[in-house]
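Colleague: Please find one structure pasted underneath; my questions will follow.
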């Protein structure tokens, strides 16, 4: 008789992650805004075809930095979708889900809002963030599909337990940037409800139906669907006894 497989490890509640989430969320929105300021300002690529390539290259660099910070802090994150996917995939139970929904995600939202306020105070010409350029339902479909594709790759790599930090981060960074560029003209390709809320809060349209549908409801549903699909496709085969 074959030995029974070991039970899956369950996620633990780590209260200090709330502080890390807040700090990383604030730093994330500042990093994205600084890259745009650098590309269209001192580097002088505004309106030139090379601008997107330079932005993508700099984005990959700070994605590596944030990936290292996430590992160094033991799991802190700047994106509510990341920690939601991790909580669902880990089967941590109601306590982990509640901690994620009512402690970590609000901390990320607060951190993102503080980050936007800081970057706007420091650089008043930074702009007001990405805006929805299509109808709400079209935007929700685009943002949901983009999120679904990113979550599928991220969760798959996590389940495969890839040991190489460089390769894992390289794959996710290239994939996220590709999806971001493809959806940037529609919704901004944000795929981060905390960042989207922070910029919308600065503009004053954070409570509109369009914002809630496109940047909250659609990505959250896409995240849950993506985790479920990956879990279903990677479910190990049961050992049959003869």
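In case you wondered, yes, glycine gets a Cβ from its N, Cα and C as well.
Feature list, courtesy of TrEMBL:
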{"type": "TRANSMEM", "residues": "16-39", "note": "transmembrane segment"}
{"type": "TRANSMEM", "residues": "51-69", "note": "transmembrane segment"}
{"type": "TRANSMEM", "residues": "81-102", "note": "transmembrane segment"}
{"type": "TRANSMEM", "residues": "109-127", "note": "transmembrane segment"}
{"type": "TRANSMEM", "residues": "139-157", "note": "transmembrane segment"}
{"type": "TRANSMEM", "residues": "178-201", "note": "transmembrane segment"}
{"type": "TRANSMEM", "residues": "213-233", "note": "transmembrane segment"}
Colleague: Sort out the residues at least 6 away from either end of the transmembrane segment (109-127), same chain, that have Cβ-Cβ distances under 8 Å to it, and list them.
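Modeller: Answer is 21-30, 33-34, 36-37, 78, 80, 193-195, 197-199, 201-202.
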Colleague: Between the transmembrane segment (51-69) and the transmembrane segment (81-102), are there three or more CB pairs that fall under 8 A, provided the residues in each pair are separated by 6 or more in sequence?
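Modeller: No, the transmembrane segment (81-102) and the transmembrane segment (51-69) are not in contact.
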Colleague: Give residue numbers and ranges for long-range contacts of the transmembrane segment (213-233): same chain, 6 or more residues beyond its ends, CB-CB under 8 A.
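Modeller: Long-range Cβ neighbours of the transmembrane segment (213-233): 80-81, 84-85, 88-89, 132, 136-137, 139-141, 143-145, 147-152, 155-156, 159, 187, 190-191, 193, 196-197, 200.
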Colleague: Do the transmembrane segment (51-69) and the transmembrane segment (139-157) share at least 3 Cβ pairs closer than 8 Å, excluding pairs fewer than 6 residues apart in sequence?
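Modeller: Judged by the Cβ rule, the two regions do not touch, with the required three close pairs absent.
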Colleague: Let me spell it out: take the transmembrane segment (178-201), skip the flanking residues so only those 6+ beyond its ends count, and list any with a Cβ under 8 Å from a Cβ in it.
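Modeller: Residues 25, 28-29, 32, 52, 56, 59, 78-81, 105, 108-109, 111-113, 115-116, 128-134, 138-139, 142-143, 145-147, 149-150, 208, 211, 214-216, 219-220 contact the transmembrane segment (178-201) from elsewhere in the chain.
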